[in-house]
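Asker: The structure follows.
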Amino acid sequence: MKVTIVGAGNVGASCADVISYRGIASEVVILDIKEGFAEGKAMDLMQCATNTGFNTQITGVTNDYSKTANSEVVVITSGIPRKPGMTREELIGINAGIVKSVAENLLKHSPKATFVIVSNPMDTMTYLAFKSLGLPKNKIIGMGGALDSSRFRYYLSKELDIPSNDVSAMVIGGHGDTTMIPLTRLASYNGIPVSEFLSQEKLDKVAADTMVGGATLTGLLGTSAWYAPGASVAYLVDSILNNQKKMIACSVFLEGEYGQSDICIGVPCIIGKNGVEKIVDITLNADEKAKFAKSADAVRAMNGDLKSILG
Ligand SMILES: NC(=O)C1=CN([C@@H]2O[C@H](COP(=O)(O)OP(=O)(O)OC[C@H]3O[C@@H](n4cnc5c(N)ncnc54)[C@H](O)[C@@H]3O)[C@@H](O)[C@H]2O)C=CC1
Ligand SMILES: O=C([O-])CC(=O)C(=O)O
């Protein structure tokens, strides 16, 4: 099973690391535009093989798309990350052109691949990929919800003083500081609603911390996060390649679900060998519905900036 990751930077390399370490794919190709960079990352990662015990073959290439041929999954992390004080949306000017050309090159060599879009602003980059590639909607998946949900579970677990894996919780909506919707009402501690254990004030603080989780890390690190993003992409790729049919919040093209159309935004999806196997259209309460509509308005406004690039 072959996976290509474009962008050998922080997120791309971290993703390749988790995919190989966990044996998710037999072959990983990392491609970057910077001469020698992907080759160097691949060599460094391959030199982990004997000490961590993996058998995945990792190859690095400089802009040679022929080496990506017949990948089952392609991951796009190429583009610039934000710096402290910036929003993800500010990256659109540079990243849109990069994502479009990278996606088109990948498609030429792997026409059957499922595309996973990571570059920010992710929902708009996913919409761009969907509109420019002409692939069926199940083949284009934006990664953001898996990461945001893991941060939500982290913040809840800290507040509850329990292991993260005992928390079940999901974030839907846009992958932006103000557009994410942590579904607090549905979050549970081993099946028991978290509202049984935490005050509304504490739950509101957890939701607010989750929404700015990426910005908090960008402030601390000087660039955006990579370990949890890389692991979240690997988790998604695992569900595709190994047909796990996990339910994961992903940015996907909607046609009426959640009252929205002609937009890519985060909703719960069943992810398997066909990419998006199913969109899980749950009933939101009035407050959640209003938040979702507002989030979609913001994402749609950002998509409007693609007019010149989509023609
Ligand atoms: N959706 C999500 O949840 C997350 C998204 N991101 C986004 O992922 C992107 C990458 O972040 P990092 O890895 O931290 O950045 P980075 O700067 O470490 O790596 C980006 C890599 O892309 C390469 N690149 C640029 N243009 C290219 C092209 N045309 N073809 C091939 N490679 C190209 C660069 O040379 C660089 O190595 C950013 O846009 C960031 O905002 C980051 C974390 C989470
Ligand atoms: O915060 C950023 O810019 C990168 C990202 O999307 C995340 O870590 O959630």
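All residue numbers here begin at 1 and follow the chain in the order shown.
Using N, Cα and C of the backbone, Cβ positions are placed for all residues, glycine too.
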Asker: Among N51, N55, N95, find me the residue TrEMBL lists at the same NAD(+) site as G7, A8, G9, N10, V11, G12, D32, V118, S119, N120.
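Answerer: Matched candidate out of N51, N55, N95, per TrEMBL for NAD(+) with G7, A8, G9, N10, V11, G12, D32, V118, S119, N120: N95.
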Asker: Report, in whole Å, the straight Cα-to-Cα distance of V11 (NAD(+) binding site) from R88 (substrate binding site).
Answerer: 15
Asker: Relative to the Cα of H175 (active site, proton acceptor), which of the binding-site residues G9, V11, N120, R151 have a Cα no more than 10 Å away?
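Answerer: Those close enough are N120.
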Asker: List those of the binding-site residues G7, G9, R82, R88, N120 whose Cβ lies under 6 Å from any atom of ligand 2, in sequence order, or write none if there are none.
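Answerer: The ones that qualify, in sequence order, are R82, R88, N120.
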Asker: Would you identify which of the binding-site residues G7, G9 has the most other C-beta atoms lying within 10 angstroms of its C-beta?
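Answerer: That would be G7, with the highest Cβ count within 10 Å.
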